[in-house]
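Inspection log for the structure reproduced underneath, given as structure tokens.
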Protein chains: 2
Amino acid sequence: MGEFDLIARYFKRKTPSALQPPAPSATNSVAIEAPPIALGIGDDCALLTPAPGQQLAISTDMLVKGRHFFPDVDPAALGHKALAVNLSDLAAMGAEPVAFTLALALPPERAADDAWMSAFAQGLFALADEHRCPLIGGDTTAGPLNICITVFGQIPVGQALRRDGAQPGDDIWVSGTLGEARLALLALQGQIELAPERLAVLRERLERPIPRIALGRALRAIATSAMDLSDGLSGDLTHMAVASGVGAVLDSMALGKAVGPVAECVSPRPADPVSLALTGGDDYELLFTASPGQRDTVNALAVASALPLTRIGQIRSGSGLWLDDGAGGQSAIARTGYDHFA
Amino acid sequence: MGEFDLIARYFKRKTPSALQPPAPSATNSVAIEAPPIALGIGDDCALLTPAPGQQLAISTDMLVKGRHFFPDVDPAALGHKALAVNLSDLAAMGAEPVAFTLALALPPERAADDAWMSAFAQGLFALADEHRCPLIGGDTTAGPLNICITVFGQIPVGQALRRDGAQPGDDIWVSGTLGEARLALLALQGQIELAPERLAVLRERLERPIPRIALGRALRAIATSAMDLSDGLSGDLTHMAVASGVGAVLDSMALGKAVGPVAECVSPRPADPVSLALTGGDDYELLFTASPGQRDTVNALAVASALPLTRIGQIRSGSGLWLDDGAGGQSAIARTGYDHFA
């Protein structure tokens, strides 16, 4: 099968449901414009026409075999995750998904593996369809397996959630639970043991992260800053604090709560829950700040969206990250987020 | 050096000249809006605000070591080419460059090689600055060397040059000369011999293609369809003919002219000039169609832009590619464009 047949077979869809007008969303009371895709796959460029008053949010992520995923990963999960990590960046800005491009380097034996290719495309498009985010262009080449997705979202001008808006006195919040993807990774690497049914649950967190698109949109009017957690809380929160020119104090009790009950179920314990929360990585949850006056609103949002939102600390003036032990002591937190070249 | 230091050192520029308002262009009599970049590198997403009445043109290309470039390629040339092949896609749509993202997988020894990294960044940004097209985001990871650029351009709604607009009776044109990059490749592979000074000239064509941005913009009002030549004329023209639902007849004399004098200078001759024109690859010239009434306009454009524009054939109804031998004979041309999985 040649390059153009490959594209036609797996990636060119005549009537993607993602091109249909979006359904009304519970967390969005604003009318949504028709998707702005003027031209999709098949020409030198795709063409987008953003609606008046909208900005385009753009993010790109590259996934490399052996670094971002295991060589024997379920291809459907890989297709899902490659798009999910990009959609997570849109969520962090409060943007609505619009479309994505896919550049794919494939070893020839993968390209010839129909079961693998079909499953990859199925995983990719299932998530794309869920977010009405069609594939509008790309590139396919032979080479070591590498997946590069660039995603486009739209957001009303001036409403984007940036990471430089945190103010002293703001609460610090995280969505969902932290550290579960890391536990799954440790188990798959043989560093800890998990019961099979427990591993199955945590492995979903590692391999099929859920981009918090609806939460990001709801936070437009609530949060002072936001970002997604991909490299671990301590490293990511450091980026936010530096961008905002502030420091942060985290509450160790609340952090333990954000990790949830799973840390109690493993043997041997890989680390204390607080360390797991701080250094987890691959969480793809949202980290955001909001003024204390928004606590009721945030708590109501957690209930309405059936997603835990945990208040884990407070922004303060100055710089650095600090851990409050709940007994009056504070200690500096080392930045220990993931770094590909560290 | 860590991932974030790497980005800060080589790719984050405080005052890129590309963010300055563009200078007036000789081939553009329309006033240009300020660049629409609302937020660049450093957050989860970049933000673009296209000017009212403008569409965004988007293209993505992935370059893999050993397939798109030699492992020992001049890193400055590699930086240039990685962006050039993407800008060439904007040129083919008649779009004005706006910005690009860069996803980069680097072996750790490359990331630690300051001379290589600096030269790569220099080659990349020299071309970006020339086209006032700033880097607005990206991703850096360890892995087998892989460069994925996604480029954004803008174009007034409805003016994009698509590949599906060719009409029976239209002339077929190409810019510049064809086959020179292929000759350089054959020489570098040791399949043909070239005098060193000749190879130096042709190698520039292979390693530093010039995206025909100004030509693409000028063609908005002239051409019925356009695309860039990357995989070889016969394959690329087949894509255009299929998209437009037409056939094409090429003039062998004119094709020989489009190859230029270089084919006469090599030993042994790798192929006849017509075959070289048809199967060259890596030309990054524009292929376009226009009605015969536009011949004087196109010829005047060639003079004004000091770039040869050669009329190489005609669109006709039906399908397929045909070669006219100039003596009344016509033969079918096999599609022989480059295919990464063929």
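Just so it is clear, glycine is given a Cβ too, placed from its N, Cα and C backbone atoms.
Source: prediction; values computed, not measured.
Cross-referencing A:Asp5, A:Asp74, A:Asp89, A:Asp272 with the Mg(2+) 3 binding residues that TrEMBL gives (A:Asp44, A:Asp228) picks out A:Asp89. A:Asp61 (Mg(2+) 1 binding site) sits 9 Å from A:Asp89 (Mg(2+) 4 binding site), taking the C-alpha atoms as the reference points.
The distance from the Cα of A:His68 (substrate binding site) to the Cα of A:Ser59 (Mg(2+) 4 binding site) comes to 17 Å. The secondary structure of A:Asp228 (Mg(2+) 3 binding site), as reduced to three states from DSSP, is extended strand. Candidate binding-site residues A:Ser230, A:Asp231, A:Asp282 yield none lying near chain B, with Cβ-Cβ distance under 8 angstroms. Of all the binding-site residues listed here (A:Thr60, A:Gly138, A:Arg163, A:Asp228, A:Asp231), A:Gly138 has the Cα closest to the Cα of A:Asp44 (Mg(2+) 4 binding site). Measuring Cα to Cα from A:Asp231 (Mg(2+) 5 binding site), the binding-site residues that fall within 10 Å are A:Asp282, out of A:Ser59, A:Thr60, A:Asp89, A:Gly138, A:Asp139, A:Asp282.
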